[in-house]
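> For reference, the structure I am asking about is given below.
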Amino acid sequence: MSSFTRFVLINLVIFQCLSLLCLAQDFDFFYFVQSWPGSYCDTGRSCCYPRAGKPSADFKIHGLWPNYNDGTYPSNCDSSNPFDRTQISDLVSSMQRNWPSLACPSSDSTKFWAHEWDKHGTCAESVLDQHGYFETSLKLKSQANILQALETAGINPDGSYYSLDKIKSAIEEGVGYRPGITCNVDDSGNRQLYEVYLCVDSSASGFINCPIFPSGQCGSTLEFPKF
């Protein structure tokens, strides 16, 4: 092998390694987001139960989203690897319970899962393949029982109003990490507890303290509606 050929090959290997490194470090952390279905349905938007029936009264997964420390995020990173339901066939029953779509018309939630993978999951392919993306999300939910943490602190989904600080403290006490909270507004103008954001390290191996929180648009007191 000539010196020139050896030089070219070495540089090619270095370039490939650097490319993979850049890909692996293309985001700083994940947001793991859970939604309260009662708040999703108690707005002006349409709400339809999945074909499998009304979901249980518990927080549901919205998604696992790669993010940057400055608050921005990558999206739709690989159109060549679209969602394939056959890759998660062993997870579907659990996902129907924990990750249902409430969008109309009523569906089997496949479109929702496809959106989450195509927009967010493809930006974490260096860490998680399709099966791993959804399996990891289900495991994170089992580790972060938001409703249990709230009810332990006397915060119940009964239409009552609670302090935002008390809600955050209850989740932190139950889960071990301070959450971000986002709210919606119902038809009467009441601000409601809607989504809970927890942060996960960039390898998706566990929860971390959030480097930045979402803008929650919440008041100091929130309604926790029934479902």
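Positions of Cβ are set from backbone N, Cα and C atoms, glycine also.
So TrEMBL has the following annotated:
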type: ACT_SITE; residues: H62; note: active site
type: ACT_SITE; residues: E116; note: active site
type: ACT_SITE; residues: H120; note: active site
type: SIGNAL; residues: 1-24; note: signal peptide
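Can you tell me where each of these features sits in this structure?
Annotation for H62 (active site): same-chain Cβ neighbours under 8 Å, separated by at least 6 residues, are V33, Q34, S35, E116, E195.
In sequence order, G63, L64, W65, P66, S75 constitute the residues six or more apart from H120 (active site) in its chain with CB-CB distances below 8 Å.
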> Inside 10 Å of the Cβ of E116 (active site), count up the other Cβ atoms and send me the figure.
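Other Cβ atoms within 10 Å of E116 (active site): 21.
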